[in-house]
Amino acid sequence: MTVLNRMDTLAEDMVADITDSPTGYTGVDGDAQWAAEVRRLAKLRGATILAHNYQLPEIQDVADHVGDSLALSRIAAEAPEDTIVFCGVHFMAETAKILSPDKTVLIPDQRAGCSLADSITPEDLRAWKDEHPGAVVVSYVNTTAAVKALTDICCTSSNAVDVVASIDPDREVLFCPDQFLGAHVRRMTGRENLHVWAGECHVHAGINGDELGERARANPDAELFVHPECGCATSALYLAGEGAFPADRVKILSTGGMLDAANTTSARKVLVATEVGMLYQLRRAAPQVDFQAVNDRASCRYMKMITPAALLRCLVEGADEVHVDPGIAAAGRRSVQRMIEIGQPGGGE
């Protein structure tokens, strides 16, 4: 449903410049005129705009709220607006819909997928459960609604260790989909009956241990902020354990944890191992700190599909709307609620 009328010539002209391609919508600059028009259209639609930490800077700047996916989904549920525009990847918008079933949830480009969420399907999970009857399924929030619906308890990167530790030690646990977060949980809990799915985020998996070690040795006074989805998380802990890098300078953190640490660090330089969009929020939080990417090529092409053109189109056309089957949503909601009952989930991812 369009929110334009005959007087909206500026929006009409801007939308007319939009072109579509397999990599996303283009043709509109994220300038001050665009930002003002986005805010005006959001008000007309009665919408609140949420942006993930990995979004383009101009998308983060125009959003009403910026954060990790679970925190944003909880904000969506509490927001007075009836329409949620979720600037992130598709599973994140699904999670917002699960927690806000009566609201309209829009994503600026429904093609914005996620390699990690796509690494396990409902069929995969059903087959895995059949191989391990009676096992407890723990799924990272970075999963589709259909996978959450087959899950016993969801977890975030902040509370994954606590969630697994809360489960009867005699019961098998199936942890999905991220193999690096799963390895971190196994290492921290010492749990031998924890089975880990071999999924990964292509961006985080590409931040390798050799790269991290080289950067760390070249910057001995820096702190390391390492996301547990990274393929280099084990290398970071190894560097600390071997004394190659001070243990108190190595921090395995969710995106929310990184922001908290940025506000308290005494370091003058921090090496950051996560998607490069996170640097924008970190630098805003602590401008006195020199935040540098361990790998400056670690950019998620799916996150960057949420362009200024895509957001403008979304607000004008009311597209793309996110739908989740009510039965799947109810089952997925229960798995998220069980996680919340165990304790505060902290940063989502």
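Using N, Cα and C of the backbone, Cβ positions are placed for all residues, glycine too.
Taken from Swiss-Prot, the feature iminosuccinate binding site applies to H52, S69, Y140, V141, N142, S157, H227, P228, E229, T255. What Swiss-Prot lists as [4Fe-4S] cluster binding site is C114, C201, C300.
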Binding-site residues H52, N142, E229 vs C114 ([4Fe-4S] cluster binding site), shortest C-alpha separation belongs to N142
H227 (iminosuccinate binding site) to C201 ([4Fe-4S] cluster binding site), Cα to Cα, whole Å, comes out at 11
In chain order, residues whose C-beta lies under 8 angstroms from the C-beta of N142 (iminosuccinate binding site), counting only those at least six residues away in the same chain, are S69, F91, C114, L116, A117, P177, D178, C201, E349
C300 ([4Fe-4S] cluster binding site) sits from Y140 (iminosuccinate binding site) (Cα to Cα, rounded, in Å) at a distance of 19
The number of other Cβ atoms within 10 Å of the Cβ of C201 ([4Fe-4S] cluster binding site), counted over all protein chains shown, is 27
Taking only the CA atoms, the spacing between C300 ([4Fe-4S] cluster binding site) and H52 (iminosuccinate binding site), expressed in whole angstrom, is 12
Residues sitting within 8 A of the centre of the C114, C201, C300 CB atoms ([4Fe-4S] cluster site), not counting those, run V89, S115, L116, A117, N142, H202, V203, H204, E275, Y302, M303
